[in-house]
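Participant: This structure is in structure tokens; I'll ask about it shortly.
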Amino acid sequence: MVLVLIIVCVLSTILSSLSSEVTNTKHLPQAIIIGVKKCGTRALLKFLSVHPAIAASSTEIHFFDSPKHFPLGLDWYRNQMPIADTKQHVTIEKTPHYFVDKRTPKRLARLLPDVKLILILRDPIIRAISDYVQIKNRHESYPTFDNFVSMENFTKWTPIRIGCYAIYLRRWLKYFPLEQIHFVDGENLIHRPWEELESVQRFLNVSNHIREEDFYFNMEKRGFPCIRQPNGCLGSSKGRQHPTISGQTREKLKHLYSNCNLQLKQLAQIDFPWL
Ligand code: A3P
């Protein structure tokens, strides 16, 4: 009797490990959040990760944009993906640097031509301040934001340059049709995240699982939305306090971005309220 029990136990362990090998596998991504840095890429991925049909990578992979990773090939890339169970038919990663990296669009189009691309954009002035705050956090002696913008060649400064989204989008559109790119309004993701999630879920062809009642606004976190899950708010590196900028700086940036925003509207065929 004991022998029979032992055999049953051993057999069931072997069977369950075999079946988990079959059901829990890593897949190349069906969708990638390609950017833009500081526009809410982490929040979007966190919210999507609660969907039962989505397996979301917890780290930024940096495959297509990295001289170190790219030569390791697609097997390496697949191996960095989260384990997906049978219900999770969409694997997704986010690497915001892809958007501005010159090599990525061509490489991605060659290796994953059908991948769905998600691009989250926000008011470029707020994005620039957010980028600045992140740098300032690491380098205390960094000049003020107003100081930077008062410099002659301020348009070359990376936090400012990235906000002219049309420059980069044009490159992507050489390799991907517009229908393969979904645009998320990063400002609306802060105020009415469920609206953005609804259209992202539709784009990914998954059920409308993440809804308004799944969110709450955390006043201790500058009023940013959190998802009703354990650790449903983003960590301290997101939602940082922003400095006030002068009226002169704001006008200068408005002027700089007005043409970029116009080009973006035409290229992407979007009309977000801040554009
Ligand atoms: P700040 O920290 O400057 O406010 P990314 O994840 O792409 O780096 O973007 C970070 C920005 O996402 C944050 O910049 C914040 O403004 C924004 N954000 C959007 N939704 C958020 C949320 N639910 N919680 C925290 N930050 C959020």
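Indices start at 1 and increase along the chain as displayed.
Cβ atoms are placed via backbone N, Cα and C, with glycine included.
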Participant: Can you sort out which of Cys233, Cys260 is the disulfide partner TrEMBL gives for Cys226?
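Facilitator: Here TrEMBL pairs Cys226 with Cys233 via a disulfide bond.
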Participant: Please name the residue among the binding-site residues Gly40, Gly239 whose C-beta has the most neighbouring C-beta atoms within 10 angstroms.
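Facilitator: Compared across Gly40, Gly239, the most Cβ atoms within 10 Å surround Gly40.
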Participant: What's the CA to CA span in angstrom from Gly40 (3'-phosphoadenylyl sulfate binding site) over to Cys233 (disulfide bond)?
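Facilitator: Distance (Cα to Cα, whole Å): 13 Å.
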